[in-house]
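S.K.: Quick one: structure below, then a few questions.
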Amino acid sequence: MDLISLYPTWYEPTVGSGWVVALIATFHVLASHTSVGAALLFAYLSHKAYREDREDLLDFIKKYGLFLLVFTYVAGSITGPGIWYSTTVASPNGIGALIHSFVWKWATEWVFFVIEVVGVYMIVYLVGKVDKRTHMKISVIFGLASWATMLIIVGILSFMMLPGKEQWFADGGYLNGFYGTNTFIQLGMRTAFMFTITAVVGGIVIAGIKDPAFKKEMARKLGWLGIISTIVGALMFQWYLTAVPEQALLVMENRLPDYFMPSIVAVLAGTLAYFIITMIRPQTLVQGFAGAMAVIILVAGLWPEETARESMRKPWVAGQYVYSNQVIGRDVPGMDIKSQLPLLEKVGILKAHPFTPEHLREVNEGNKIQAGEFIAMTYCSNCHSPSETGIRPLHRYFPEGVSQERVAKYVKGVLTTGNIAYMPKMPMTDSEVDALAAYLVLNNNGGQAAVTAAIDSEIAQRDRALAEKNASDKVAALDFVQEVK
Ligand code: HEC
């Protein structure tokens, strides 16, 4: 049988599966970046505490460390598996691609992560119980292990955009996939912004310091850390843009909303202003203000950054060979991977998809809308919501009252041929084009209600036909019994 590796589509009707993943991932980035940055900050402060024999710095580490334990480690440990669960159902072939290339990298990351988790407990609970020199050593190990987790993850994340070296496609090899300019620039950029986040979240801890002189000292320290890291991070972002594929830049220029760049600049400027204010007037730093600032940075800074990185990758989800809709769209000889496009061109998506319901494998007048819906779910719903809400709802892209002929022409001319840079090539047979177009028109002009009504009527018709057939079979059987008698 001609089947390809596709799984049932996870469809989330309100916001779309992509947003569920993005939401979880953004929280995770906030938690993980805070803890990695803080770990390095602790290494520095602990060193200073040892050199200058200062208890107050150790006390600050203990407070910040406890805050991390309660908030970021718990949030990070919930959202981390959350990323696995959500991406595994939203993008099984994408995750498969990463696992096939990087399973040992991930194992390595988890080793460092265990050191990190044990480390944060030691940092917090051994203050005052071990001498300062030992505490400093633990802090340094903790800091390096934390940063190592980031190094590994960034290698995997940047592979999602682009394998490290072109050679990877021909020869495979995880180092070829892992190391590339993109990896290291992204690592530098994330390291910088991670310190920005550490400084902002640290404000919540500083707000609780009683001694005004110490509060001022820490506000200054974290203020400088924040200012320098924000500026370095912004410069690194410019540099990063030179290391992403042409395609990604094209998507970025044309497809990111107009407010994207101005809002990023506004967030950067606001962050800098915040640090300057807290340095000049540490007394303004109260928990409410610092907490609100952390949330603002999360919502206004991280969310657009992470979603931009996601959408720049279109139409791919991983390694420039797995499309967002999970179809493998390119040969990768180095990994013994074959493009699924030739088979799709030959038999169409309904025959090639292992989870197509039996009664939809062949398009006919009685199942057209159901078949069209199945195709839209499989091919499009990862990037376009078929409902009214969610990401890029399909009905927004065709004019009101559009004809089926026009939609079919677009589907055949543009989508099945892959004639558009930001969408995958989606091969369909003529009857599939017809079914998809019929569904799209109904969805466009009548909305979900019209689609549901049409599908109900298709099912009712099928049931009626079945009942008729059953009845006539019964009559035939009775006749037969009669004859035998
Ligand atoms: C990899 C993600 C992806 C997939 C899969 C995808 N699209 Fe798109 N599509 C996009 C993006 C990105 C745009 C650009 C529009 C935007 O950003 O607002 C777009 C635009 C469109 C447009 C607007 C016309 C245009 O040329 O810009 C139509 C119509 C459309 N898609 C239909 C579909 C249909 C139907 C399917 C499924 C058969 C599909 N798309 C699958 C990402 C995708």
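Note that Cβ sites are derived from N, Cα and C of the backbone, with glycine treated the same way.
So TrEMBL lists the following for this protein:
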- 367-444: domain 'Cytochrome c' (DOMAIN)
- 20-45: transmembrane segment (TRANSMEM)
- 66-85: transmembrane segment (TRANSMEM)
- 110-128: transmembrane segment (TRANSMEM)
- 140-164: transmembrane segment (TRANSMEM)
- 184-209: transmembrane segment (TRANSMEM)
- 221-239: transmembrane segment (TRANSMEM)
- 259-277: transmembrane segment (TRANSMEM)
- 284-303: transmembrane segment (TRANSMEM)
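Please situate the listed features within the shown structure.
M.R.: Looking only at the domain 'Cytochrome c' (367-444), the predicted model's pLDDT averages out at 93.
For the transmembrane segment (20-45), the residues of the chain that approach it from at least six positions outside its boundaries are 12, 57-58, 60-61, 64-65, 68, 71-73, 75-76, 79-80, 82-83, 86-87, 90-91, 116, 119-120, 123, 136, 139-140, 142-147, 149-150, 190, 193-195, 197-199, 201-202, 225, 294, 298, 302-303, 306-307, 310, judged by C-beta separation under 8 angstroms.
Long-range contacts of the transmembrane segment (66-85) within its own chain (CB-CB distance under 8 A, at least 6 residues past either end) are made by residues 21, 24-25, 27-28, 30-32, 34-35, 38, 95, 117, 120-121, 124, 201, 204-205.
If you look at the transmembrane segment (110-128), the same-chain residues 6 or more away from its ends with a CB under 8 A from one of its CBs are 35, 39, 42, 46, 58-59, 61-62, 65-66, 68-69, 73, 134-135, 138-139, 141-142, 145-146, 148-149, 152.
For the transmembrane segment (184-209), the residues of the chain that approach it from at least six positions outside its boundaries are 30, 33-34, 36-38, 40-41, 60, 63-64, 67, 72, 147, 150-151, 154, 157-158, 215, 218-219, 222-223, 225-226, 228-230, 232-233, 236-237, 239-240, 243, 271, 274-275, 278, 282, 285-287, 289-291, 293-294, 297, judged by C-beta separation under 8 angstroms.
Here the transmembrane segment (259-277) has Cβ contacts under 8 Å with residues 196, 199-200, 222-224, 226-227, 230-231, 234, 284, 293, 296-297, 300-301, 304-305, 308 of the same chain, all six or more residues outside its ends.
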S.K.: Is it possible to list how many residues within the domain 'Cytochrome c' (367-444) are helical, extended or coil according to DSSP?
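M.R.: Summed by class, the stretch gives 43 helix, 0 strand, 35 coil.
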S.K.: Same chain only, please: residues at least 6 beyond the ends of the transmembrane segment (284-303) with a C-beta under 8 Å from a C-beta of the stretch. Say none if there are none.
M.R.: 22, 26-27, 29-30, 196-197, 200-201, 203-204, 206-208, 215, 219, 263-264, 266-268, 270-271, 274, 277-278
